[in-house]
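Feature list (source: TrEMBL):
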- 34-56: transmembrane segment (TRANSMEM)
- 76-94: transmembrane segment (TRANSMEM)
- 101-122: transmembrane segment (TRANSMEM)
- 200-225: transmembrane segment (TRANSMEM)
- 259-278: transmembrane segment (TRANSMEM)
- 290-313: transmembrane segment (TRANSMEM)
- 319-337: transmembrane segment (TRANSMEM)
Amino acid sequence: MEEAAAHNGSAAGAGAGTGSPAAARPPATPEGMALAYGSLVLMALLPIFFGALRSVSCAKSKNSSEMPETITSRDAARFPIVASCTLLGLYLFFKIFSQEYINLLLSMYFFVLGILALSHTISPMMNRFFPANFPNKQYQLLFTQGSGESKEEIVNYEFDTKDLVCLALSSVVGVWYLLRKHWIANNLFGLAFSLNGVELLHLNNVSTGCILLGGLFIYDVFWVFGTNVMVTVAKSFEAPIKLVFPQDLLEKGLEADNFAMLGLGDIVIPGIFIALLLRFDISLKKNTHTYFYTSFVAYIFGLGLTIFIMHIFKHAQPALLYLVPACIGFPLLVALAKGEVTEMFSYESSAEILPHTPRLTHFPTVSGSPASLADSMQQKLSCPRRRRQQSPSAM
């Protein structure tokens, strides 16, 4: 988990790297910090809100290729362990091999993945701008293996002209990010990853959500406060797995480089739990979104508390330390007050809305951060309408 932090041109905590040129920079002004942190909070809320809404439509989709990945309790219990091993592996990689070459490979990987994610994000909005007489042609990219009865589909990629337009627009952002690593391009990719993660990753029930958030709560606190592994990887890792906003924007404009940042894991992990509560609200058929709005307000409270504590102690904070108790505790108190605790914990998202949803059977290997949950959707993002062969073990 990338911890919430103020940093100078990298993902380091405030004050890190004493003696470096970054340390000689003047401190951010109160106005600059307020603008930066306010913008980070707003950017964090957007993918959670719209991703949760899109997760409802995604859950009701009849197209099997658009069905989300479902995280089971077993997946949730394993994820902090897998994430810890991957984080430690990255730490050793950066210690042994050249940081330049590793980041070059990562840049190419996120260049492709970011274009696909951004294209998937803007596609519904772009469809409204196409005229009715737009010549929209259908295409199919098909790769098979074998012949005759043993022929097996490897890739079955269906797309249309509108998809190509979205890909072209997203490619412009991709080239901008690849060449300049500009913070705006980074944020566009980060927002796309976050929204797709909230939309396409579904918890199957509230208990699973509690297991996942609880496990990553411990993971985040240990790797931030217990070791320097998280900070070292965050300093070395150049990829759009965090949202950043300059604290010196008012002084330097778009070329500002004294950033505050928020890891995507601090958005996606609570976001998929908030999206689950929205689907639970809808399942109650009371025409209210009590639990969704409660958890949404809880997220704002937890993130605001993170920023406040960080500002007071001048040290990077594991945001899940404050977000997890808020996002679980607030809705649980509401359920206790309304006498709906049993209904909340007996609700099965995959059973009620998606009886044949495949569960999550793989974990990301690029980043040890839970932010990389969003990256595990890369196969799904590559084509919204791709037909996928489902094995019995994935059901």
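Placement of Cβ uses the backbone N, Cα and C atoms for every residue, glycine included.
34-56 is the stretch from 34-56, 101-122, 290-313 with the greatest number of Cβ pairs below 8 Å to the transmembrane segment (259-278). Beyond the transmembrane segment (290-313), the same-chain residues lying 6 or more positions past its ends with a Cβ under 8 Å from any Cβ of the stretch are 4-6, 14, 33, 37, 40-41, 44-45, 48-49, 52, 262, 266, 270, 273-274, 277-278, 280-281, 319, 321-327, 329-331, 334-335, 338, 344.
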